Amino acid sequence: MKIKALSKLKPEEGIWMTEVDKPVLGHNDLLIKIKKTAICGTDVHIYNWDEWSQKTIPVPMVVGHEYVGEVVGIGQEVRGFEIGDRVSGEGHITCGHCRNCRGGRTHLCRNTIGVGVNRTGCFSEYLVIPAFNAFKIPANISDDLASIFDPFGNAVHTALSFDLVGEDVLITGAGPIGIMAAAVAKHVGARHVVITDVNEYRLDLARKMGVTRAVNVAEQKLDDVMAELGMTEGFDVGLEMSGNPSAFNSMLKTMNHGGRIALLGIPPSDMGIDWNQVIFKGLVIKGIYGREMFETWYKMASLIQSGLDLTPIITHHFKVDDFQQGFDIMRSGMSGKVILDWE
């Protein structure tokens, strides 16, 4: 049986609608009928066919890794799922036999394979993944929100790396993940949550999500904002979401002594760092990749159920046949999360 899918068919800019074989269910797998998918920044990199994509992505391949769907097939070894369960899923497929996997630190697996990056993705009518990777969505969480659990998980993993209660938090980079991290920080009790960017559309979106201040660093100095807020000692926690060297270095300058930084944004490999700031301030820097399995997922569901409102971050919906419009708006930078409807 042939099904509809969005694939990287050629080693050049673009993503194409195509037909592929329906995936085959393995003994330990679930077959998921896709309801909605969201376009990730990673998918935009793959669309643009940048240096990272050229080194990483096999062609041809179905892409995508942010989704919600319904279980329609269950492998014979699988327990704990039923036909009709609504699920999203962890996009990092881990080996199960390295030291970190066996020690319960699966997010640190050294043999991680990415759905829609190293193997067939979710931008199709059906997806097969290991049942271990599926996460049941509580009934009171919408399909829209469930479809963005993967990037929301990046935000939650980054934000909850350190205690935020009563702390002043600086977030550099107001992409969807940065904005969601800001909303999480505010929800769990941070005092001042300041987010920086140069994209006014995204900063406005951050304001709608309740940040203390959204700062356009092309027009305003961070030092002035700190003074206006009555901050005398610098930020306690930094969440770096941009991969931008000047953003990271301004974060280092404005951190308090003993401050803690979580890095999710991917900087150029030759980024210069003022290490004196790190050493003499006694800063702690932690790299973040993916989500903790599955602690982050439980936290995500609980945060939404306890009143965290992420709905403003979802700005556009398109039918899957209009996927090109979705990619165009994502590439313009004038969007939050963009959802493609497969039903």
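Each Cβ is built from the backbone N, Cα and C atoms, and glycine gets one as well.
The record from Swiss-Prot ties HIS65, GLU66 to Zn(2+) 1, and of the options CYS40, CYS95 it ties CYS40 to that site too.
The NAD(+) site recorded in Swiss-Prot comprises ASP197, ARG202, LEU264, GLY265, ILE266, ILE288, TYR289 together with one of ILE177, ILE304, ILE313, namely ILE177.
Among the candidates CYS109, CYS122, the residue that Swiss-Prot annotates alongside CYS95, CYS98, CYS101 as binding Zn(2+) 2 is CYS109. In this structure, the binding-site residues ARG202, ILE288 were compared by how many other Cβ atoms lie within 10 Å of their Cβ, and the smallest count belongs to ILE288. Nearest in space to ARG202 (NAD(+) binding site), taking C-alpha to C-alpha distance over the recorded positions HIS45, HIS65, CYS98, CYS101, is HIS45. In terms of C-alpha distance, the listed binding-site residues CYS40, GLU66, CYS95 place CYS40 closest to ASP197 (NAD(+) binding site). For the binding site of NAD(+), formed by ILE177, ASP197, ARG202, LEU264, GLY265, ILE266, ILE288, TYR289 according to the record, the largest Cα to Cα distance is 23 Å, rounded to a whole number. Of all Cβ atoms in the shown protein chains, 25 besides its own fall within 10 Å of the Cβ of LEU264 (NAD(+) binding site).
CYS98 (Zn(2+) 2 binding site) counts 16 other C-beta atoms within 10 Å of its own C-beta, drawing on all protein chains shown. Nearest Cα neighbour of CYS101 (Zn(2+) 2 binding site) among the listed recorded positions (HIS45, GLU66, ILE266, TYR289): TYR289.
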